[in-house]
């Protein structure tokens, strides 16, 4: 700005000419009348345009002074020169206002900035440069005071919140006009080196804070954290691939079972079981137990049943517990309790075979519990097991775990007989014959014609008499585990093979 004022000061006297330099304003007396200064050479003024009236106007005190000087200047100065001076001055003022607006609105557009960098705006750097004199008045009036805190833009960004919190309190960051002017006039002079030192110190402080916020070990921890999800993803893909291969081998085994190639089927089951697939492990146990595609080995079958049972396979849990409980000579108490616990897990999961086995098991020592026996028999009968329905009729007829009710027993026998249960039909014929002979004969001989539920009668259930349905997602060998006509040899044909093959359509899926 001081350069602009200097240029104007040197240009205007040259434009006005030597005739205007001697003109000075008339002093005004106390009574309001104007007096002519003796140093003002009015005789040098001449107006060509005024004509004869020029002498009259020069002698009129109201027309003398600055008014005559203005008319004389406007007559001798070119209008283009005045227009250029006004235009350049206006552009300079607009440029300063524009820079000031950029100074205040740039932090709002860029978002919140740290306090130590809030004054590093374009206007601040522009006025701090070497182009401007360090002691200029424009620099003092535009740049903030060094002892004044940096203005915060939170009040501009959230005016409503500030007004709600302090509706009557005046703004503390914006001083009044008089205090601002007095403070700017008393602003101490600073050298350009001070600004450079201030910038360097603030840059160093920001770099130190950044170094504290990101220690050397933090980058390694972030790299490790990014590497962990990648390793987990790779592991998941590998596990999925292994599972897909195991499912494929198990499916090929079931297809070979349908074609009668038990050796190839057992080989595929073994490959899938080696990859930890529970359904294939269960199928290997079935082949080992019944000698299909491999010599019969009950101990190995129990081992594979146990491997599948640990993974939660309900049929494997049932077969493993059943094999243990059917060999009580070498079974210890902890193993017996473990077998019963696995049976309960399978029965609670809805497996009908486990429910029927527990219903009979709880009618015998050392697991005698008549109420629980009736409970599990009722569950198995509700799931469509005709043998459990027949056993439930025996409990009602004898009063085992339930109140004795011959009518309810006959109803259970009829339901089991309608489902094709032959023992229920025989019991109904016996009851009808005794009833025809007389009530007294029923009381003496009726209860001696049958015995309570036993594991021997349960073997009929396991031999396939009830035809229990199997879910297609179990991946088992269908009725192979319930066929009583399967031999130990893996090459001998059997009459029951066609029905067995028809039951293998749902294998290996899920």
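Note that Cβ sites are derived from N, Cα and C of the backbone, with glycine treated the same way.
If you look up Swiss-Prot, you'll see 35-45 marked as compositional bias 'Low complexity'. Taken from Swiss-Prot, the feature compositional bias 'Basic and acidic residues' covers 46-61, 155-167. Summarising the annotation, Swiss-Prot assigns compositional bias 'Polar residues' to 169-181. Residues or ranges marked as region 'Disordered' in Swiss-Prot: 19-61, 142-185. Swiss-Prot lists 213-245 with the feature repeat 'TPR 1', giving sequence analysis as the kind of evidence. Under the heading repeat 'TPR 2', Swiss-Prot lists 246-278, citing sequence analysis as support. Annotation source Swiss-Prot lists repeat 'TPR 3' at 279-313, citing sequence analysis. The feature repeat 'TPR 4' is assigned by Swiss-Prot to 314-351. Residues or ranges marked as repeat 'TPR 5' by Swiss-Prot: 352-385. Taken from Swiss-Prot, the feature repeat 'TPR 6' covers 386-423. According to Swiss-Prot, the repeat 'TPR 7' annotation covers 471-499. Positions annotated as motif 'SIFI-degron' by Swiss-Prot: 307-326. Look at Swiss-Prot and you will find 1-23 tagged as transit peptide.
Across the repeat 'TPR 3' (279-313), the DSSP tally of helix, strand and coil residues reads 25 helix, 0 strand, 10 coil. Secondary structure of the repeat 'TPR 6' (386-423) per DSSP, as helix, strand and coil residue counts: 28 helix, 0 strand, 10 coil. Using DSSP to sort the residues of the repeat 'TPR 2' (246-278) gives these counts of helix, strand and coil: 28 helix, 0 strand, 5 coil. Averaged across the repeat 'TPR 6' (386-423), the predicted model reaches a pLDDT of 92. Counted with DSSP, the repeat 'TPR 4' (314-351) comes out as 31 helix, 0 strand, 7 coil.
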